[in-house]
């Protein structure tokens, strides 16, 4: 295979396919999720405590450092980068990083995308498209403005709708993500699905995950998606399809709407056997698994020298520790999360 090496930032990027990182179980790691901030302008009850303590800003990597880290991963075979948070679009000057990552598309990287709550989309949609972002995920758990305010604690539903409108107008494809919550939005799922499919958007429903101490009781929130699917099949014809986006969702086609519906089931049917991702936090911590605590400190290697050899070695060592699967359980006895850190730190 012929390759040509170019340089973006401090890391070398291969303009042809780099050899992918392979974990101990033979899985290629080609997907990097980057939590650019732990801060969010919402406080969704299943994700955060109301009075969260956030990381001191001095502890965060600079956007230039995040760019350098991402470049190193692209040089090591990562094809897709997703920016997450917290809420990624509340990070000051975040579009600098988006633009830098967009410049890597076609130079080793296939796609830059992000997951957002939609609150800042109306301001950034056109620039996101200009930077090379072609599809995003928007988290939306209800279409009822009052319920939306309750679940987010103070979110503005109208602002999110404006953001979705702006993104679609800019040419960005949207997939809606909805966390399935018992006795909150389970009865509303048909309406959410019709809304999404009516606007040309896929909908993915997600089981709540036991991460971080929150004010709510997760045993009260938890809804197995097997039950949700059974309920939906009383009204709709769902046919399993072989459609993949590089993530863990298993998709069906809904005959009555013509749209796609995805199920992400970390609790009832985990997706670990095909896991292709690692997660980088805004402090330079690399988590090899969403549901495990083992992590690698890449910040030390990043700041030790301007040469990337030490950083590449640290990444290689971390990949050798990627586990076979997660340890998610809903602890009904002690009501403790399976993982102490909040989703907003890891980025989902």
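Note that Cβ sites are derived from N, Cα and C of the backbone, with glycine treated the same way.
Positions annotated as domain 'Radical SAM core' by Swiss-Prot, on the basis of sequence analysis: 24-242.
Taken from Swiss-Prot, the feature GTP binding site applies to 33, 82, 115, 175, 277, 278, 279, supported by sequence analysis. In the three-state DSSP scheme, residue 115 (GTP binding site) is classed as strand.
What Swiss-Prot records for 40, 44, 47 is [4Fe-4S] cluster 1 binding site, and it gives sequence analysis as the kind of evidence.
There are 20 other Cβ atoms within 10 Å of the Cβ belonging to residue 46 (S-adenosyl-L-methionine binding site). Taken from Swiss-Prot, the feature S-adenosyl-L-methionine binding site covers 46, 86, 139, 209, and the record attributes it to sequence analysis.
Taken from Swiss-Prot, the feature [4Fe-4S] cluster 2 binding site applies to 272, 275, 289, supported by sequence analysis. Cβ contacts within 10 Å of residue 289 ([4Fe-4S] cluster 2 binding site), excluding its own Cβ and spanning all protein chains shown: 22.
Across all of the domain 'Radical SAM core' (24-242), the predicted model scores a mean pLDDT of 95. When the binding-site residues 47, 209, 272, 278 are compared by the number of other C-beta atoms lying within 10 angstroms of their own C-beta, 272 comes out lowest. Around residue 175 (GTP binding site), the C-beta neighbours below 8 angstroms that are at least 6 residues distant in the chain are 135, 136, 137, 138, 201, 202, 203, 204, 245, 262. Checking Cα-Cα distances from residue 278 (GTP binding site) against the binding-site residues (86, 209, 289) with a 10 Å cut-off leaves 289, in sequence order.
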